[in-house]
Amino acid sequence: MTSAVPSIPIGKEGARLPLIGLGTWLSLDEGELRAALKVALDAGYRLIDTAALYGNELVIGDVLHEYFKSGKLTREEVFVTTKLPYSCMEPKAAEESIKKQLATLCFDYVDLFILHHPCAMQHNEQVSKRRSVYYLQLTGAAEFTHQNEIDYLDTWKVLEKYCKSGQLKAIGLSNFNAKQVARVCANAEIKPSDLQVELHIYWPQHELQQFCSKQGMTLTSFASLGSPGRLTFRPDDDWPVGNPMEDTIVVELSKKYNKTPAQILLRHLIQRGISVIPKSTNPSRVLQNIDIFNFEISAEDQQKLLDVKSRVRLFEMRVCGGHAHYPFEDVDLTKKGDSED
């Protein structure tokens, strides 16, 4: 049984962004990812979010083409988001990466192509098809060099070129602050259609949402549930402490609505008009995460979630600390570095 997923307009060509999708960060096990994708597509997910850095575009493209060839779905029914790695922000490298990513997915176009980070970085270890940069971080093998001389505005021009050609239907940003987004908008021929950022009840991004709305941009949340998987990914990191799923208000509402804490958190953001991309390869959780369209959180209870006092940024991306374009002014860069989505 599939769920009908509502969507919101994105870009200027009548495209629509589903309000929930499957996130695939850390989905490195090919078998688990294939199974999760099939469960998700059968359950009604129509947004799949990936990135070159995740090292799984090949598997995602393969599963989707299986569904297209069987007639279960058409290409037009699935919204695919992928991202340019921060190691390919030099314009020539960006062009090569876009072509390679399209070839890996075996797509003529992607629905949304995102500049993953404002900070151009170079990883000092070879990343193979089977070993993404995240795998190297997990094993402690990846090191990074800041490329301060590369301006993300120059990279954006490359995205605009491929957007004009129709190979990128919409283009957007991730992990940019409001000033950086405004700078792109002020200098762009094609303005960003979407901004993907960490967003949850402990980091609600209200001002950023208002800013994006004024710019005509959609907003996509990652770490909507607090990203518990980050602790398994790098247990030795000095991660900021915060677990929205254990918040007393969330637990209280979970009991009231007879829903899981994850379902409460996802429904809360969707009612704010924000697209969510919870990551999971656990089939039961994949199904639970989309089972949020048969109830509505009341205005009073929405306000309780909006009034939660805790504030913590869980992804500080201190590996980019000191970079000329590091986006987070609130982060204490003297602490031990963490990883990024």
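Cβ coordinates come from backbone N, Cα and C, glycine included.
Note that TrEMBL annotation is computational and uncurated.
Quick caveat, the model's predicted, so the values are computed rather than measured.
Pulled from TrEMBL:
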type	residues	note
DOMAIN	20-304	domain 'NADP-dependent oxidoreductase'
ACT_SITE	TYR54	active site, proton donor
SITE	LYS83	site 'Lowers pKa of active site Tyr'
BINDING	HIS116	substrate binding site
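When the alpha carbons of the residue listed as 'substrate binding site' and LYS83 (site 'Lowers pKa of active site Tyr') are compared, the span between them is 5 angstrom.
The Cβ of HIS116 has fewer other Cβ atoms within 10 Å than any other of the recorded positions LYS83, HIS116.
LYS83 (site 'Lowers pKa of active site Tyr') sits 9 Å from TYR54 (active site, proton donor), taking the Cα positions as reference. Averaged over the domain 'NADP-dependent oxidoreductase' (20-304), the predicted model has a pLDDT of 93. Over all protein chains present, the Cβ of TYR54 (active site, proton donor) has 26 other Cβ atoms lying within 10 Å.
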